[in-house]
Ligand SMILES: NC(=O)C1=CN([C@@H]2O[C@H](COP(=O)(O)OP(=O)(O)OC[C@H]3O[C@@H](n4cnc5c(N)ncnc54)[C@H](OP(=O)(O)O)[C@@H]3O)[C@@H](O)[C@H]2O)C=CC1
Ligand SMILES: CC(=O)N[C@@H](CCC(=O)OP(=O)(O)O)C(=O)O
């Protein structure tokens, strides 16, 4: 049995880790932290876990994290980078759900995240956590930087096109919308029901911090510098991301459906839908699955890819557990075979 520590256990990705790990046959959470809730029972704050979690929150400053086999950071950006070096030095494996180790260039990272990186030496040691892209590297990693929620859906949608070299790499467009849980659990006026419901808006159009992460990943796939126009939106719902991606074909003879079906044929968590069937957020809700469809409207030059995911599962905690399974040599799908919640 693998012992798991979670730093940041009161947030949405923290409680999602607890929900998913409760169904994992080979992992047991032994430490879970919160500064605000230290001493309180987890199932008192989260009654959905009654009967599944006997732990109380502990303060991160005194938590015995090095006694764990693996530690998840479900903390805001700019937190993990201060504590991870000690865990790495103690040979503990770490999976960071935040963006602290996602960008390889420390200067670029601080440009987008607003302060100097506290442990830049670890950036080259960290492995980017998107198993469909680099499964083998994750399996051998001590530190995994889980892909962000929008970057997961957008990279998986563009991946087959860029690997096959059939689209213009300077003209990629990603219009994506997220449910409000993507913004985390802390109180903010912008996320109140009365601000969000019955409305739909774009945000971060001039530059969102996921842009360098998306371009870094896709450039590595394409073998050249790619340029993406990324426009995120806030959807008046709790969970889910829907990304609509646009690219210009550079060839006319591409079997797009075949390309996507073949690329993801062996991927347990990527489901390519039949032509004419479009993914919905609700069919992947609560699951580690991404659903994708691809179209070439009117046979014209623009390819349109639609991707849905649950931002808290494949976009965060499920993907983190998928990485844990790989790192520990366990079957990749262990504990992650939930079916979507309908309606
Ligand atoms: N929500 C989403 O859909 C996704 C989130 N992520 C990323 O995962 C991370 C967590 O997100 P989310 O769960 O939404 O965040 P929340 O804001 O909901 O939760 C943050 C958690 O971190 C703890 N925390 C905050 N500051 C510190 C600190 N300085 N030291 C230790 N613990 C701290 C908080 O508890 P306390 O303050 O009591 O210690 C809380 O438990 C973020 O980096 C986020 O960007 C990634 C993909 C998707
Ligand atoms: C709706 C909403 O606000 N979403 C967040 C992104 C989600 C997130 O936490 O980002 P990471 O994947 O990088 O961790 C945002 O746009 O900042």
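From the backbone N, Cα and C atoms, a Cβ is placed for every residue, glycine too.
Automatic prediction, not curation, is the source of TrEMBL annotations.
According to TrEMBL:
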type: ACT_SITE; residues: 149; note: active site
type: DOMAIN; residues: 3-141; note: domain 'Semialdehyde dehydrogenase NAD-binding'
Residue 149 (active site) - helix vs strand vs coil (DSSP): helix
Helix, strand and coil totals (DSSP H, G, I; E, B; other) for the domain 'Semialdehyde dehydrogenase NAD-binding' (3-141): 50 helix, 26 strand, 63 coil
